[in-house]
């Protein structure tokens, strides 16, 4: 087994950078590895139109490290009030690459999300016509639904209906966590893809709950049982072009995670490709990592792959116990633990 792995520079097709002073930290972490990233729009207030997306984009560009060529790919936040014309304007901008459907209340800063998918059918029609992908946080939010069943029920009640009603609409099932989602994506048309996080490949709910509650494993969609973890590993390492890298790296300050009512999100951007390499190595599938990390996403979005390269080496190192997050700190996933792969260098 080789101790060195060179890949076309990957992209992150789902990340949260937050806003304000913390951008200096979060942008540096993502730009270290990735050429581009799909930037989640769930700010307060959310990114609802092309003008707001451009403002956020300029703040991200200003936070890039000196010499960085990292490109943020912006996303609109869909609400019950989004208009088809706003989709057409966003598409014409050239820098908005998708729109995100958050069911109201599904995750961090989703209170402004869509209350009923039927309300945005005219918007979805405009997206299909414009060729703009729809990114879906696929969980129902009703109080009578068990948190571990939210994804499966969303598939049955909503996903099937959306892809049948809009067969030409490109749909990304974001951060899938279940074998049910893997099966749905595999059986759907080529217009349906999915992102998978490193933490859902590496961990299951036992890691979060057995022997004490570990708040830094808490995310939404929540970690599932190990059989679902295995299904995700099968999908990611299958070679199927339908599945691609999306970290869902979602930082919260330490005090907001280590609390009586802690926030959902795992911070992985600081070592994302290293974590994915560990997951693929578990399956003896490092030869499949480049397609998953560097090729499948651009192909789905109709963008060229990056041409420069990164190199990973098998060289154990210890993850930091904390990282700066503006004036506060964030505890990264695997804080203080050993990682097996290290990012070495880039090639022109």
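Glycine is treated like the rest: Cβ placed from N, Cα and C.
From a predicted model like this one, the values you see are computed outputs, not experimental measurements.
Per Swiss-Prot, active site is recorded for 248, and the stated evidence type is sequence analysis. Listed in sequence order, 14, 15, 16, 174, 175, 195, 197, 199, 219, 265, 266 are the same-chain residues at least 6 apart in sequence whose CB falls under 8 Å from the CB of residue 248 (active site).
According to Swiss-Prot, the feature Zn(2+) 1 binding site maps to 14, 16, 100, 248, an assignment based on sequence analysis. The Cβ of residue 100 (Zn(2+) 1 binding site) lies under 8 Å from the Cβ of 40, 41, 42, 75, 76, 77, 78, 134, 135, 136, 137, 174, each of which sits 6+ residues away along the same chain.
Annotation comment: Swiss-Prot describes 16, 17, 18, 42, 137, 220, 252, 264 as substrate binding site. Residue 220 (substrate binding site) carries neither a helix nor a strand DSSP state and counts as coil.
As annotated by Swiss-Prot, Zn(2+) 2 binding site applies to 100, 137, 175, with the evidence given as sequence analysis.
According to Swiss-Prot, the N6-carboxylysine annotation covers 100, on the basis of sequence analysis.
In the three-state DSSP assignment, the secondary structure recorded for residue 17 (substrate binding site) is coil. Every protein chain considered, the tally of other Cβ atoms within 10 Å of the Cβ of residue 137 (substrate binding site) stands at 25. Considering other CB atoms within 10 Å as the measure, the emptiest surroundings among the binding-site residues 14, 18, 175, 252 are those of 18. Of all the binding-site residues listed (17, 220), 220 has the fewest other CB atoms within 10 A of its CB.
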